[in-house]
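Have a look at the structure below before the remarks.
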Amino acid sequence: MSSIAKKKGFGATLWDYLTTVDHKKIAVMYLAAGGLFFVIGGIEAMLIRIQLAQPDNDFVSAGLFNEIITMHGTTMIFLAAMPILFGFMNAVMPLQIGARDVAFPFLNSLGFWLFLFGGIFLNLSWFMGGAPDAGWTSYASLSLASPGHGIDFYALGLQIAGAGTYIGGINFLVTIINMRAPGMTYMRMPLFTWTTFVASALILFAFPPLTIGLFFLILDRMFGGNFFDHTMGGNTIIWEHLFWIFGHPEVYILILPAFGIFSEIFALFSRKRLFGYSSMVFATVLIGFLGFMVWAHHMFTVGLGPTANAIFAVATMAIAVPTGMKIFNWLLTIWGGSIKVTTPMLYALGFIPSFVAGGVTGIMQAAAPLDYQLHDSYFIVAHFHYVIVGGVVLAILAAVHLYWPLMFNQMLSEKLGKWTFWFFFIGFHLTFFIQHFLGLMGMPRRVFTFGADQGWDLFNLISSIGAAFMAVGVIILVVNIIITVVKNVPAGNDPWEDGRTLEWAIPQPVPFYNFKQTPLVRGLDTFWIEKQEGNKEGMTYAEPLSDIHMPNNSIIPIVMTFGLFIAAFGALYNGEKDWAIPVIVLGLAITLGSMAVRSIKDDHGFHIHKEDLMNDKGGK
Amino acid sequence: MKTTMKEGFDLAMMRGLKKWRLFSLLAALTIFLSGCGEEYLSTLTPAGQVGRDQFNLLLLSSAIMALVIIVVVIIYVVALVKFRRKKVGEDVIPKQVEGSHTLEIVWTVIPILLLIVLAIPTVYYTYKHADVAAMDQVDEEGNKTNVTVNVTAKLYWWEFEYPDLGIVTSQELVVPTDQKVFFNLKAADVKHSFWIPTAGGKMDTNVENVNQFYLEFDDASASLEQGVFYGKCAELCGPSHALMDFKVKTLESDDFNAWVESMKTTQNVATDDLATEGEEIFNTSCIACHATSGAGTTGGVGPNLATFGDRNRVAGFMAHDEENLKKWINNPQEYKPGNLMPQPEAINDGEKFSEAQLDALAAYLMGLSVEK
């Protein structure tokens, strides 16, 4: 298998990726697509900061500015941060638990294509009459009033991409519950697997409210529904609730895997077991649980009344406790360790002060009466960028460096990696720290310009300069990736030398079936245990060498998704164009037809025979 | 002065703060923070009790959070200095510590205590700032003891109706000092949010219900640089969200009462020829939407212009001069995209207003005043 794979032409490789159900290849696609959207979202961010670099600027118009901020937020959350994290979950989690793939490889592929087509659909709005302009929160009264098709693109695109995320989440849950290698008990799972598990559970419960909200919005805008139209008995506050019942757990869907990545990094580069493993697991679960109890803190100024506000204020403060536990456990992990400051570790070390700063401003906003001042001001903009960029994005950048050798058998340049870090890190604080004060000084968020008489000029300029630093950091990263890919120097096994978890024990490049023999897990940090006991292979096996059952590739997921993509255009132009309804029908027919084919046609997969395995020295 | 229970609570809180030895930190923070921003716009220079309460909460929470940050930073820096691989040696395998129950308890309990310190004033002020019971209070003669303002947010301007006084104005809120001013907040089209940063936090104006809250203002705004506080729309409401500003003029009781009287009896009469000519144009083209009398109720299609000459801004955000006024009248879409004021072609027989017409209109509008 392996030798054949390497000689493929471009067409065959493309076909391979279009049809693949291999979690490692899907991970690469998530990373590539998410990375592309991250760059697009970043360009949007730069446009925002250019516009706000000076007062009364007219670099972009008022309407265009609203489209840019909406697309920046939506892209970064749904199309960049989450898919990239999904990429790492796909790449790493099955290897961490000793599985040959995820539980439902076909669904894994389907989830990816849904995300990608949803993202493409959303971004097509730029070329088809204008992007959504009601903010990433798309509050109902404004989103219903918004002219053109922007909001329709938002609702339909997110619905498609959201379905992909939902499918992915379920897949990860089932995988972790069912596919762990012998001996990999729950309390031996690496923290990244744990956080993937809890984040997936959050997806399971958080996405349905969004789905419902989006369907209501789709019906209201395209099919004459009146769920949110108050003149027809609807209610716009319902949207706010639905959105935030999804939206707040969404924050934890993003940050928990980030916590997982940093937990791995702190232990690995301190050469020390994660301090307080069981309390870290407990804190993760508790944060996930509490994450559903606090959505109304996004709505303190809506007028829910003092009792609701007080309850949600106190509940929100409670989240600080498990989060604080995590911070101190990380500190105590590096305490007494042997700290090696590699690029991933540099990100982890930068993460601690950044995230603590973002966390404490979160507590300040939990104090409802104070939030009346901070809400919808630049203070909140600063806060959530401290959490999302200072937490999630730093984790993503750390993971790019950390897992690149695992995914591609190449090491990114450490030198360039550190340059990226310093530009990005300094730029990040320069951009966002000062925004806290802009908020306190009375600057509302989402303003396309500001007058020069308000004392905000200097701080906005500083913020914009910071953004330029971040952009330079990202450009260096792109250069780093290109150089590394071109050079293509094999990194080999256990490239960070102190690998602790199972994924580092696998020979490089990782064979497409992951494990020749399923490993036996004998404790937390299983690879570390084997190494300490002098096991050169790095693994103890739970089974003799035997045939491996693998799933077949399939083109059906992409066809199924393409049907929805077509149907979405029909829905978008419903009531406006004659062909709308037929197109909806055609699209859904393609989707349902491919579902039928998938259901009726048996696909038993194939077996890799023992003899072939014995000859295979690894490779893709 | 009678000490009410609430004031007693405030005092007790301040004592509590001292007990926590945060006072000096608070003092330092106050000085640092109040250096930021303009006094007519910044939340750091509160102009009334509500804003002050919220500012104190900012100080208290900042101080607690600073404490947490200091602890984290100390552990972090020491660990980073002491336990670098260069220092501990290349081949050293550190002790694989599992954890510590004592430490876990310490960093669970202490944060909980800190949060309780923050949670108590939070809950207290949440109720205090939502208490609008005094809104309907009346004196012996049956008159309302406090001023109530019905705020209607519209694309992209603000209407302020004083239901008990029978007057209505727009774009510039006028309120008395030294009493609670109550607000009924509502949006007429899409959701907006009513925010006077110096006076206190914001409250949304929803489309389907009326929200209520109150604010207080210590001093007359006349001493400010421009004689007004700044007000903002804080909820994204469309292209010109950023331009949906309003201004707040605070007056001593007597001045306020005098203002109300002159509002009730507004008689805007054009005084010279040019203004008279302007009034005629206004009466054919503009009056369908814009009222010029301060007496009245809510529901104006366009902003009430009874006080136009007294205002601080044209269209809520442009410097208040005839030049800007004329530009605005002849091209409202360019200056405030998405606003609902018709372009001149729609109200002036398909043509822009001529320079002469604009001069006349400007003279008339600038003459509309209740204060002169």
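Using the three backbone atoms N, Cα and C, a Cβ is placed for every residue, glycine included.
Record features (TrEMBL):
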DOMAIN    A:9-522  domain 'Cytochrome oxidase subunit I profile'
TRANSMEM  A:27-48  transmembrane segment
TRANSMEM  A:110-129  transmembrane segment
TRANSMEM  A:153-179  transmembrane segment
TRANSMEM  A:191-219  transmembrane segment
TRANSMEM  A:251-269  transmembrane segment
TRANSMEM  A:281-298  transmembrane segment
TRANSMEM  A:344-364  transmembrane segment
TRANSMEM  A:384-404  transmembrane segment
TRANSMEM  A:416-438  transmembrane segment
TRANSMEM  A:458-483  transmembrane segment
TRANSMEM  A:555-573  transmembrane segment
TRANSMEM  A:579-597  transmembrane segment
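Contact between the transmembrane segment (A:416-438) and the transmembrane segment (A:555-573) does not hold: fewer than three of their C-beta pairs are under 8 Å, each pair 6 or more apart in sequence. With a cut-off of 8 Å on Cβ pairs spaced 6 or more residues apart, the transmembrane segment (A:344-364) and the transmembrane segment (A:251-269) reach 3 or more such pairs and are scored as touching. Under the criterion of 3 or more C-beta pairs below 8 Å, with sequence separation of 6 or more, the transmembrane segment (A:555-573) and the transmembrane segment (A:153-179) qualify as touching. Within the same chain, residues 39, 42, 45-46, 49-50, 52-55, 397, 400, 412-413, 416-417, 419-432, 434-435, 437-438, 441, 450 sit at least 6 positions outside the transmembrane segment (A:458-483) and bring their C-beta atoms closer than 8 Å to a C-beta of that stretch. Note on the transmembrane segment (A:579-597): residues 556, 559-573 of its chain, located 6 or more positions outside it, place their CB under 8 angstroms from a CB of the stretch.
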